[in-house]
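What Swiss-Prot records for this protein:
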BINDING   T29, G30, G31, N141, R177, S205, I258, Q303  UDP-N-acetyl-alpha-D-glucosamine binding site
REGION    408-427  region 'Disordered'
Amino acid sequence: MSVEHATPVQQPAHAAASVRPVMILAGGTGGHIFPGLAVAKVLRARGVPVTWLGADGAMETRLVPQHAIQIDTLAISGLRGKGIVKLLGAPVRVMRAVRAAGFVLRKRQPRAVISFGGFAAGPGGLAARLLGVPLLVHEQNRAPGMTNKVLSRFARRVLTGFPGSFAGEEAVGNPVREEIAALPAPATRLVGRGGPVRLLVLGGSQGARALNNAVPAALAALGHPAVDVRHQCGEKLRAEAEAAYAQAAVNASVEPFIADMAAAYAWADLVVCRAGASTLAEVCAAGVGSVLVPFAAAVDDHQTRNAEYLVSAEAAVLLKQDDTLAVRLQQVLQTLLADPARRLAMAQAARTLAKPDAAERIADIILQEAGNGKSGMGNGQSAEQLQEHTVIHQNKRTDQALDAASASLHPIPDSRFPIRTSAGGAQ
């Protein structure tokens, strides 16, 4: 499909035609999409309709319609590793994508737009700015992505999951599921708990080969301590994980997916996991100590930056992914498995970092900005007046602004916009 046109994936499902929606820009990975869905749930519970802008064929086109949310898409994709010809042609494609996004905004008439990151967020955010629609940014990671870096320059409010991402930020946290935030305090769960230590290993939806290999090896080297292991490994790496535990003669419950994560966190005494923003938000909300192994190939090493925040609060231990991981994990587990007081202290420290009301706070701020001054979309005009106004507006302002806007979004080898991550790869 040509990038000049936006594709409606699902028809509007607004509660009331007279109520203008909030538009969410998010896609590419679950780390962008799921926080957006959490905020959408809060907004819709308040009677505010939600619309979504994503990228053709990306994950959001499958997930968002499952929640009965209308989604439009742009033909925008990643250029990392695509060669110099693709990079040289990027400014034209970005300008076309911004125009296509402007078409969607004029059609949907959102009262406010919020970017959670992803391929379509850059064009969508720039179009919102050019059309005078209140724009907000929510950055999940401590090391912000290129798209949100650009949009933060002219967003009305810049919200973050962790402190230390932007000057002038508002660290509201990353949304987590209500049932996780509602778990009892660590002292209530952990004090006096008997039996083997309960170790929860989380590899994410794609699995983590480094954890599949290191955890069984570390436990075997410890001489098979009294520990119950529950290892979530992803469907594609299930056989590999089961074989690793069998070879190490370590008993473990290996699961491709855990449906009830709240119950899993409540069960756990200690977690070994990656350091994605959503996972760490859940670990903190649940109140459980963790051993963090950041994904070594993460863009801008953002998982290490995330992990360092928990380490600075003594809520986690950070281990680098390299050839010595199994040995260093053995050393860390040898200490933590034998020290329930330290595990409790880590869990309590994690809980102090939690922001369980993040989705509510983000929704509050969106609606504050939606009602803070006049937006360029609407202001009581009829549809015909609005169309005439926006066409004139675009002709006079948009074309001149697009060159500068696309230049700031032009992807270079170190950029994150727009970047297509490899699909289905084990991390």
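Placed from the backbone N, Cα and C atoms, the Cβ positions cover glycine too.
A quick note: this is a predicted structure, and the numbers were derived from the prediction, not measured.
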Q) Taking every protein chain shown into account, which of the binding-site residues N141, S205 has the largest tally of Cβ atoms within 10 Å of its Cβ? A) N141
Q: With H, G and I counted as helix, E and B as strand and the rest as coil, say where DSSP puts R177 (UDP-N-acetyl-alpha-D-glucosamine binding site).
A: coil
Q. Looking at the binding-site residues T29, Q303, which sits with the largest number of other Cβ atoms within 10 Å of its Cβ?
A. Q303
Q. In sequence order, what residues of the same chain, 6+ apart, have a Cβ less than 8 Å from the Cβ of G31 (UDP-N-acetyl-alpha-D-glucosamine binding site)?
A. G117, Q140, N141, G276, A277, S278
Q) Taking the residues T29, G30, G31, N141, R177, S205, I258, Q303 listed for UDP-N-acetyl-alpha-D-glucosamine, what is the greatest CA to CA distance in Å, to the nearest whole number? A) 24
Q. Under a criterion of Cβ-Cβ distance under 8 Å and sequence separation of at least 6, what residues of the same chain contact R177 (UDP-N-acetyl-alpha-D-glucosamine binding site)?
A. A38, M261, A262, E282
(Q) As a test of the contact definition, list every same-chain residue at least 6 positions from G30 (UDP-N-acetyl-alpha-D-glucosamine binding site) whose Cβ is closer than 8 Å to its Cβ. (A) M59, L63, S205, S278
